[in-house]
Amino acid sequence: MAKAKFERTKPHVNIGTIGHVDHGKTTLTAAITKYFGEFKAYDQIDGAPEERARGITISTAHVEYESENRHYAHVDCPGHADYVKNMITGAAQMDGAILVVNAADGPMPQTREHILLGRQVGIPYMVVYLNKVDQVDDPELLELVEMEVRELLSSYDYPGDDIPIVKGSALAALEGRDAEIGENSIRELMKAVDDYIPTPERAVDLPFLMPIEDVFSISGRGTVVTGRVERGAVNVGDELEIVGIRPTKKTTCTGVEMFRKLLDRGEAGDNIGALLRGVERDGVERGQVLAKPGSVTPHTEFEAEAYILTKEEGGRHTPFFANYRPQFYFRTTDVTGTVKLPEGTEMVMPGDNLKFEVELIAPIAMEEKLRFAIREGGRTVGAGVVSKILK
């Protein structure tokens with residue numbers, strides 16, 4: 001059978017299921033595909049293949065489905081460690097998440113951890129599915145659990161009072177019984193996701209930014225920098241800034257090339273060469289970014305959420321301590337930095353995830369949600385995301 005082609009006419013949104021182990025994330029994912037996509041059985045989702053992101057192996061299942069209004073790409077991870085790695089590396093960017101909570105248990109440790117991670121890595125919106133409601137006989141108990149979930153969300157700066165909470169049974173939906181808590185709850189959930197999680201801005205509509213990968217000098221023309229446009233678009237004649245590592249410098253783009261052809265513009269996703277006016281060959285280097293003036297600023301100190309690889313994943317064999325000095329790989333280059341551990345943390349073991357502060361020896365064009373790798377001599381030993389800029 002030929003693969004059905006998804007019509008790209010609908011706006012696209014990336015979401016995923018998060019929550020405590022065994023609260024029903026994968027069952028819910030399977031149930032959604034039953035009513036809105038190409039049906040995937042529990043085992044097909046649970047046996048997620050391993051993939052690599054920033055040198056880290058993660059198991060993630062990807063499913064696609066569509067509501068009346070939108071097309072969704074949905075991620076589900078088999079294990080808790082996979083969630084942590086996935087959220088920190090941004091291997092699967094999420095525009096919003098469905099938090100699954102077992103109504104009989106209420107919020108559990110990983111429920112809390114996933115909400116905290118969501119806040120740290122910048123998942124902007126959450127919708128709650130209160131699962132297994134058929135295991136709770138007392139409606140007052142159900143109300144208490146709902147209140148508890150709302151308070152927990154609010155304590156991590158999510159608007160707990162406004163977040164939609166849908167009650168149901170993913171298993172009933174998957175087995176096609178008890179429509180009230182089964183199929184109807186899935187339809188209600190997707191309506192909540194449609195209405196509450198906004199369509200993200202397209203990358204091409206954001207301010208222009210291109211990490212510089214290489215620099216060439218073309219005799220008689222000037223200096224060309226190459227790279228893949230991360231977001232936005234650049235037109236010939238645009239004023240730009242070169243940001244990071246050295247003092248910020250203004251320039252003008254006098255030409256855009258792609259595959260040796262001259263273009264009027266380059267946009268998100270394109271690999272381009274940009275010809276820059278008045279910039280010497282040694283006045284710009286890999287690791288800087290080319291950006292719309294004022295849209296991004298250079299920083300040296302930030303707070304990060306990071307995951308440290310285990311020995312089995314090719315990471316360190318030993319813990320590290322305060323004032324650890326690895327390299328931080330941002331976009332296209334390594335910059336050395338010093339780690340400041342949170343109070344009460346003496347050492348960090350391989351396999352840990354934690355929040356810490358970093359001071360870099362040179363400024364990098366940076367904003368919240370920017371991902372990086374932690375490296376020692378070119379070997380990846382961890383992954384992180386900027387959760388807050390300090391200086």
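Backbone N, Cα and C define each Cβ position, glycine as well.
Region 'G2' is the annotation Swiss-Prot gives to one range among 55-59, 85-89, 290-294, and that range is 55-59. In Swiss-Prot, the feature region 'G4' is placed on 131-134, out of the ranges 11-14, 131-134, 251-254.
Looking at 76-79, 148-151, 352-355, the stretch flagged in Swiss-Prot as region 'G3' turns out to be 76-79. Cβ neighbours within 10 Å of D22 (GTP binding site), excluding its own Cβ and spanning all shown chains: 12.
The secondary structure of C77 (GTP binding site), as reduced to three states from DSSP, is coil rather than helix or strand. Applying DSSP to the region 'G1' (19-26) sorts its residues as follows: 2 helix, 1 strand, 5 coil.
Remark: secondary structure over the region 'G2' (55-59) totals 0 helix, 4 strand, 1 coil, with classes taken from DSSP.
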